[in-house]
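Some features that Swiss-Prot has for this protein:
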type	residues	note
BINDING	Cys3, Cys6, Cys18, Cys25	[2Fe-2S] cluster binding site
BINDING	His249, Glu273, Cys317, Cys405, Cys433, Cys458, Glu492, Lys494	hybrid [4Fe-2O-2S] cluster binding site
MOD_RES	Cys405	cysteine persulfide
Amino acid sequence: MFCVQCEQTIRTPAGNGCSYAQGMCGKTAETSDLQDLLIAALQGLSAWAVKAREYGIINHDVDSFAPRAFFSTLTNVNFDSPRIVGYAREAIALREALKAQCLAVDANARVDNPMADLQLVSDDLGELQRQAAEFTPNKDKAAIGENILGLRLLCLYGLKGAAAYMEHAHVLGQYDNDIYAQYHKIMAWLGTWPADMNALLECSMEIGQMNFKVMSILDAGETGKYGHPTPTQVNVKATAGKCILISGHDLKDLYNLLEQTEGTGVNVYTHGEMLPAHGYPELRKFKHLVGNYGSGWQNQQVEFARFPGPIVMTSNCIIDPTVGAYDDRIWTRSIVGWPGVRHLDGEDFSAVIAQAQQMAGFPYSEIPHLITVGFGRQTLLGAADTLIDLVSREKLRHIFLLGGCDGARGERHYFTDFATSVPDDCLILTLACGKYRFNKLEFGDIEGLPRLVDAGQCNDAYSAIILAVTLAEKLGCGVNDLPLSLVLSWFEQKAIVILLTLLSLGVKNIVTGPTAPGFLTPDLLAVLNEKFGLRSITTVEEDMKQLLSA
């Protein structure tokens with residue numbers, strides 16, 4: 001096992017990365033190794049998808065499957081070894097079908113890629129794990145060095161984050177052939193074990209630029225189906241009655257669940273990154289979407305144990321449900337998996353609803369505590385002139401984009417302290433689950449404009465980027481000249497690709513934490529600092545002073 005893709009990875013003087021029987025996320029060495037094997041199979045599939053496009057062949061089954069299967073290897077998504085192998089087998093079957101299509105056009109069609117003809121050696125998981133050793137990401141570290149390995153992983157993990165957003169967009173009916181062609185090209189190239197530093201740096205920026213387009217179609221999919229989010233108050237306390245909790249990012253799953261629970265007497269609560277759903281008109285119209293439950297994903301083993309109903313996980317993040325003894329009432333959807341947990345193959349939630357009706361639910365309603373969400377792209381752009389007016393009248397000094405992933409590390413309290421230290425004449429724009437560090441606190445307003453503005457899920461960084469570009473255009477300056485600072489927390493691969501997106505767009509002087517990615521060497525961090533001004537957090541006092549004086 002070698003996995004260094006998330007923020008909580010093991011860090012030692014000898015090197016970084018989880019390489020024992022189990023990773024810090026709970027992933028076993030078996031599952032981790034089989035995920036490496038799956039990635040190799042997906043690289044071979046992409047190599048043939050690139051070749052097929054040369055013949056004008058676009059296989060939509062391949063295009064829809066490839067990012068979805070890659071998504072299953074993202075942190076805290078799928079811990080089920082047999083399902084990972086199932087994805088690998090499907091990748092090979094699709095590859096062979098695509099290969100046959102190519103050969104039907106050109107009998108001499110071939111692909112020069114070491115993954116292009118990969119076959120699984122056995123049905124036995126142990127044998128497959130031994131085969132996977134050929135594809136462990138650091139297998140040639142001694143030959144290429146830590147810097148090249150780090151750049152490879154930056155590209156691989158960044159592309160994995162983009163693949164997750166591609167799947168979210170695809171579920172909502174969004175498809176862009178150019179994006180899929182670019183994805184396959186990059187995925188196939190990474191399967192050749194590239195070792196050119198400049199080419200890898202260029203690839204990382206290409207991934208960032210591609211992901212901006214992915215976020216654009218995801219935004220179109222969400223707003224096209226569910227309307228543009230508008231500011232909405234959400235209750236974060238319990239309401240009496242039977243209940244279901246839904247977590248993850250998939251708004252379509254939430255919509256289907258709301259439709260199927262309507263009139264059943266079962267209330268629905270959002271959790272984690274599903275919180276922004278309350279801002280969408282076509283979702284909040286369901287009166288039994290009664291509120292948001294819990295806090296950051298890392299607290300789920302305590303909070304889920306206390307929730308008196310079933311739980312549905314639609315995407316990341318799931319962690320071991322046996323710890324809180326709720327594994328008999330947690331359900332996985334789509335690419336999510338945990339051994340022994342019931343999985344919903346389709347969009348029928350009747351079994352979950354039946355379980356909810358058999359459980360006690362909340363016995364009484366607590367005193368409501370309301371927070372505000374729903375500052376989507378249209379709302380943000382509608383406030384652009386107000387922001388400019390406040391800045392011109394020196395009522396608004398600075399805007400801090402304070403968001404990203406949450407996690408268990410104690411140093412993450414920095415983000416709570418930073419939020420509460422932001423001066424009263426400054427505004428906090430937040431997104432993603434890092435907001436749970438401070439989103440239940442009171443921040444007041446500046447002439448009626450809330451000082452805490454919740455823009456949505458991690459992918460809604462797109463809205464923040466569009467706002468920044470709009471403000472810069474209206475003020476006749478560059479984005480980096482705005483009174484705007486980005487202080488981002490990271491945990492997994494979606495955050496990595498958001499960072500690459502920002503860097504590829506030329507955004508500079510981003511501050512990240514709580515620690516630097518374990519796969520980035522001091523040399524690589526120095527390069528990123530020199531090129532983009534990217535740096536790690538220090539103390540709240542020092543960072544606040546530096547950012548306000550910039």
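In case you wondered, yes, glycine gets a Cβ from its N, Cα and C as well.
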Worksheet item: Residues near the [2Fe-2S] cluster site, Cys3, Cys6, Cys18, Cys25 excluded, by Cβ within 8 Å of the Cβ center?
Response: Val4, Gln5, Gln8, Thr9, Gly17, Gly23, Met24, Lys27, Ser32, Thr75
Fill in: Cα proximity to Glu492 (hybrid [4Fe-2O-2S] cluster binding site), best match among binding-site residues Cys3, Cys6, Cys18, Cys25
Cys6
Worksheet item: Three-state secondary structure of Cys6 ([2Fe-2S] cluster binding site) from DSSP?
Response: coil
Worksheet item: Looking at the binding-site residues Glu273, Glu492, which one has the fewest other Cβ atoms within 10 Å of its own Cβ?
Response: Glu492
Worksheet item: Cα-Cα separation of Cys405 (hybrid [4Fe-2O-2S] cluster binding site) and Cys6 ([2Fe-2S] cluster binding site), in Å?
Response: 11
Practice prompt. Show, in sequence order, which residues other than His249, Glu273, Cys317, Cys405, Cys433, Cys458, Glu492, Lys494 on the same chain lie with their Cβ within 8 Å of the centre of the Cβ atoms of the hybrid [4Fe-2O-2S] cluster site.
Written response: Gly272, Trp297, Asn316, Ala432, Gln457, Phe491, Ala495
Discussion item. Under 8 Å between C-beta atoms and at least six apart in sequence, can you list the same-chain neighbours of Cys3 ([2Fe-2S] cluster binding site), or say none if there are none?
Written reply: Thr9, Gly17, Cys18, Ser19, Gly23, Lys27, Ser32
Worksheet item: Cys25 ([2Fe-2S] cluster binding site) has how many other Cβ neighbours within 10 Å of its own Cβ?
Response: 21
Worksheet item: Highest CB neighbour count within 10 A among the binding-site residues His249, Lys494?
Response: Lys494
